[in-house]
Every structure is written in C-alpha cells, then in structure tokens.
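Working notes, structure below.
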Amino acid sequence: VGFKAGVKEYKLTYHTPEYETKDTDILAAFRVTPQPGVPPEEAGAAVAAESSTGTWTTVWTDGLTSLDRYKGRCYHIEPVPGEESQFIAYVAYPLDLFEEGSVTNMFTSIVGXVFGFKALRALRLEDLRIPPAYVKTFQGPPHGIQVERDKLNKYGRPLLGCTIKPKLGLSAKNYGRAVYECLRGGLDFTKDDENVNSQPFMRWRDRFLFCAEAIYKAQAETGEIKGHYLNATAGTCEEMIKRAVFARELGVPIVMHDYLTGGFTANTSLAHYCRDNGLLLHIHRAMHAVIDRQKNHGMHFRVLAKALRMSGGDHVHSGTVVGKLEGEREITLGFVDLLRDDFIEKDRSRGIFFTQDWVSLPGVLPVASGGIHVWHXPALTEIFGDDSVLQFGGGTLGHXWGNAPGAVANRVALEACVQARNEGXDLAREGNEIIREASKWSPELAAACEIWKEIKFEFEAMDTL
C-alpha cells in the first residue's frame, strides 16, 4: 500500500483514553491552554506527540520503528474548575524514551520543543511521576538527611543558617570575619550568596581560605561542628570541580551550587563528586521563578524539586510561607514532603497529582530563606518541623548590636520554640508569647524582637490551586 503521506490529526494516534498506565511509565500532568478552536483531545494529543515521537507530518521512517512501543500517550483529560479555556492533560511516556540517570535528557524531551508549539497558547507542567525503575538509575542526593545529621552531630531541631550580606562587594578577609561572627554566635551554617562566584573584589580561592579559617576557629570555640556553603558554581564544569576539590582539601564539610543556572549536567557531576569525597551539597534555586512563577506557563517548582532530588543535593531552597518570597502553605508543604519523604500519596489539595515512590533515594533538607526573622521562628518550626534549615540573612546581620548577637538571638529563639513544642505547647497559638518569654533572659533576643516587631511581607500568594 505504501505509506499515507500528509498531515493527520494528532488525536488519531496520540489520544488513547483506554490506555492503562504501566508501573514503568513516566507520567506527566500538563495544564494546557489551547488556541481558540483547538479541541482538548487534539491539544492534549499534540502535547503527547511533540514531547515524544511525533512531528507535524507523517514521515516514511515511522514505518521503520514501532510507534506503539515508543509514543507518548494522552490518556486522560480533566477540566480545570473555574477556567473555561484550560484543562489538565495526563500523558504517559514509555521508559525507553529516556536516558538512564539523566535529568537533562528527561527535561529535553518532556519540556523541550513542545512549549513553543503554536496550537497552544500556554503550557505548564504541573507534576511528574518518576517510576521506581527510573529513580533507581540516579544516585540522588550525595548524603541525605540522616547521614547529614550524623556528620554534623545535630539532632532533634531544625538547622540554622545565614546568608552573608552585603552579597557583593566585601573583601575575602571581611567576608571571613562575618562568617566567623555568625558561627561563633550559634548558627550551624553560613552561606555564600548565590551571586558570589569569583569576582574582581573577591576571588574564590581567597574566600575559601578565609571561610575555612572562620569555620575552624568557631568550631574550636563552640565545640560544635560548623559549616559554610562555599559556592562552587563556575563558568565551566571543570572550574566548578576544581573549586569543589579545593574545598575538600581544606577539609570543610559542605559546598554549594546554583543548580538551575549551572545546569543539571553540571549539578549531577558535582553531586557525584560530593558523594565520592564526603562533601555535603547545598543547592540554591536561582532562576526558578523565571520557570515556575506564571500560573499557566512553565513548570511548577514541585517538578524542579523532584528533578533536584534525582540530580542530587542535600539542601534545596524551597520558600518560607511566611517571609518575603512566594509560597502557599499547603502547596509548599506538598513539595517539601516530596523532597524529604520516601513515599508521598497523591493529594490534589496540596497540588500533588501522582503518588510518588522514591524507593529509598536519600531525602533533601528544605531550606527556608528570605525575609525571615526571630518572630517567624515559631511558625517556621511549626510548618517545617525538625528536618529543615532556617536561614536568617538580614535577620542575623541586621541586628543592632552586630552579627554575633544576631546569631545568638536566632539560636535562642529556635531553641525556645523547639523546647516549647516538645513540652506540648501550641506554636501557632502561643508563638509570640514563647519568644517574649525567652527574650526576658536573652538581651540579644530582646533587641532583635524590638527591631523586627512590625515587619510583615503581606501579599496574596500567586501559587494557589
């Protein structure tokens, strides 16, 4: 018969409502906004086609393979309540479409060409179900939550951090001094800002040396293990690894990477290096809002969070719910669980479209950072629980008496909240009272309470269901 050339409707091949999904399929939930006049089945099928085996016309070489084995399938379409022009398209991809252990390849397929597709006005990837068979091809986080606690010898409470500000312009020696003061005051970690790489005012090697000195001095004086997230992000993978090697030679516990601007390939390489060499890896999500902030186009952060757990990182920034950056409580807790837990049930009220089984892949500590201060400590302890890192940048360095007292204030506030919670107090209701009580015997905390008593960042969250 020969083959039938010409353009045919996607839905004839790629819309398969009777398809039973396999345990090995990668499942995706897309929020689709088609152009006027394009029916949902056709738009959903187009998404499945363009992100798997399809192209705009029938090709002779289709006959040389088995499309039934390799094609993505749009297997379910559901309306979005309150949105006439939108719907959720569920697509199943056969596992063989993806290279093992490559987040890069997974994203190139699933969120590649299809996002520029003309028949769609907008497209957003809301969630991905990563099957155990694919999860098992990834190393994942270099160490994970439990191993990190064992390395640091810190249990039963959230960890405390602080981003060193001003983020750009300090010399290496002054930077190291600020690190020392924060760690000495009682923080567990300090952090390079994500923009700090190796600039003319402070080259990376100088910063690494002075920060290592600060860590060792603070450790000796406090008897606690301390760390500073040394940002190894660089212009090339080779340079990034060179910085991680130098950090390891200094004997420090943790390095840092900007995983979206640095890219998944670089991030996965660094995660492998970190596991091989006993370094913890802190991940910053600079650029995430470019991808995840629009409600109807791009990718939800829960997908970027899953991808990070596969690629590898021990900490990742994940919003505060209470500070200056975007984040709805239930939705934030949804992807926080996806980062930390081994098995997460489907729960649409928290934005989780699929049940996810991580089959013992190590967990990632969520980092709450951005516009938070001592008055937030009860809410943060309540929302995030013990397995988290709370980062007070301005909330430490903005203290009227200096960095070390700022650190003391945060540590006292945190310890007071943890103690109150352990004794059965209700942090949500009694939070302010707990902080006030503690400030009676901690002048540092009292001063911090005074500075930030009125600060609130009150806007409606955009990331709603």
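Quick reminder: no glycine exception, Cβ is built from N, Cα and C everywhere.
The feature active site, proton acceptor is assigned by Swiss-Prot to LYS165 (among others). The Cβ of LYS165 (active site, proton acceptor) has ASP193, GLY393, GLY394, LEU397 as same-chain neighbours under 8 Å, each 6 or more residues away in sequence.
For HIS284 (among others), the entry in Swiss-Prot reads active site, proton acceptor, with the evidence type sequence analysis. A simple way to gauge crowding: the CB of HIS284 (active site, proton acceptor) has 28 other CB atoms within 10 angstroms, across all the protein chains here. HIS284 (active site, proton acceptor) falls within a strand segment according to DSSP.
Feature annotation from Swiss-Prot assigns substrate binding site to UNK113, THR163, LYS167, ARG285, HIS317, SER369; the stated evidence is sequence analysis. HIS317 (substrate binding site): 26 other CB atoms within 10 A of its CB, across all protein chains.
Residues or ranges marked as Mg(2+) binding site by Swiss-Prot on the basis of sequence analysis: LYS191, ASP193, GLU194. Classification of ASP193 (Mg(2+) binding site) by DSSP places it in coil, neither helical nor stranded.
What Swiss-Prot lists as N6,N6,N6-trimethyllysine is LYS4. In this structure, LYS4 (N6,N6,N6-trimethyllysine) belongs to neither helix nor strand by DSSP; it is coil.
Residue environment of LYS191 (Mg(2+) binding site) contains 29 other Cβ atoms, counted within 10 Å of its Cβ in all protein chains. Marked as N6-carboxylysine by Swiss-Prot: LYS191.
Annotated site 'Transition state stabilizer' per Swiss-Prot: LYS324, in sequence order, evidence recorded as sequence analysis.
Spacing of ARG285 (substrate binding site) relative to GLU194 (Mg(2+) binding site) is 9 Å (Cα to Cα, whole number). Among the recorded positions LYS4, GLU194, HIS284, the ones whose Cα sits within 10 Å of the Cα of LYS167 (substrate binding site) are GLU194. One way to see the shell of the Mg(2+) site is to take the Cβ centroid of LYS191, ASP193, GLU194; the remaining same-chain residues with a Cβ within 8 Å of it are THR163, ILE164, LYS167, ASP192, ASN195, VAL196, TYR229, ASN231, MET256, HIS284. Mapped onto three states, the DSSP output places LYS167 (substrate binding site) in coil. The record assigns UNK113, THR163, LYS167, ARG285, HIS317, SER369 to the substrate binding site, and the maximum Cα to Cα distance across that set is 37 Å.
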